[in-house]
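One structure is given below, encoded as structure tokens.
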Amino acid sequence: MTVRPVLKYPDARLSQPCDPVGAEDVSALIADMFDTMYAAYGRGLAGPQIGVMTRVFVMDATWKDGPRSPIAVLNPVIVPVGAEAEGEEACLSVPGVSARVIRPATIDLQYETADRLPRRVTLTGAAARIVQHETDHLDGLLHWDRMSPGARAALIAEYEALT
Ligand code: NI
């Protein structure tokens with residue numbers, strides 16, 4: 001159980017796609033990822049944010065406002081359902097700025113649990129947004145890559161002015 005350093009933009013690993021999780025034991029990795037996410041006061045953390053280039057993330061959509069609801073997700077597959085919604089997103093790898101991102105408001109998520117059991121859930125609200133944000137990390141995308149080119153450039157400039 002270790003809090004690991006969180007990589008920050010423009011670390012190159014944050015823009016690289018990740019490989020599927022294979023048969024390896026990921027239990028220690030997932031424990032570290034939860035420790036790191038909670039220590040950083042985040043609601044989600046993806047493998048590449050700690051330099052692990054496999055398709056794994058952890059999330060907890062509720063803990064800032066209520067009880068904890070930790071979920072570890074391996075090899076996610078997302079199918080959007082219905083309309084899109086705009087929402088505010090922060091990212092531990094881009095501290096100090098937030099992005100307004102339009103995404104599907106509801107998704108079907110297929111994934112494997114830490115015990116390698118297949119799961120399928122329908123998510124909406126904050127949980128759906130977090131899953132999409134974290135899955136984007138596994139594809140080498142940050143929140144601002146989902147914005148218009150002008151809005152993206154403005155947000156990167158805002159971030160760079162802070163660092
Ligand atoms: Ni992020």
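Glycine is treated like the rest: Cβ placed from N, Cα and C.
TrEMBL: automatically predicted annotations, no manual curation.
In the three-state DSSP scheme, GLU134 (active site) falls into the helix class. Annotated active site per TrEMBL: GLU134, in sequence order.
Within 10 Å of the C-beta atom of HIS137 (Fe cation binding site) sit 25 other C-beta atoms, taking all shown protein chains into account. If you look up TrEMBL, you'll see CYS91, HIS133, HIS137 marked as Fe cation binding site.
Long-range Cβ contacts of CYS91 (Fe cation binding site) within its own chain (separation 6+, distance under 8 Å): ALA99, HIS133, LEU142, HIS143.
Working note on the recorded positions HIS133, GLU134: by count of other C-beta atoms within 10 Å of each C-beta, HIS133 ranks first.
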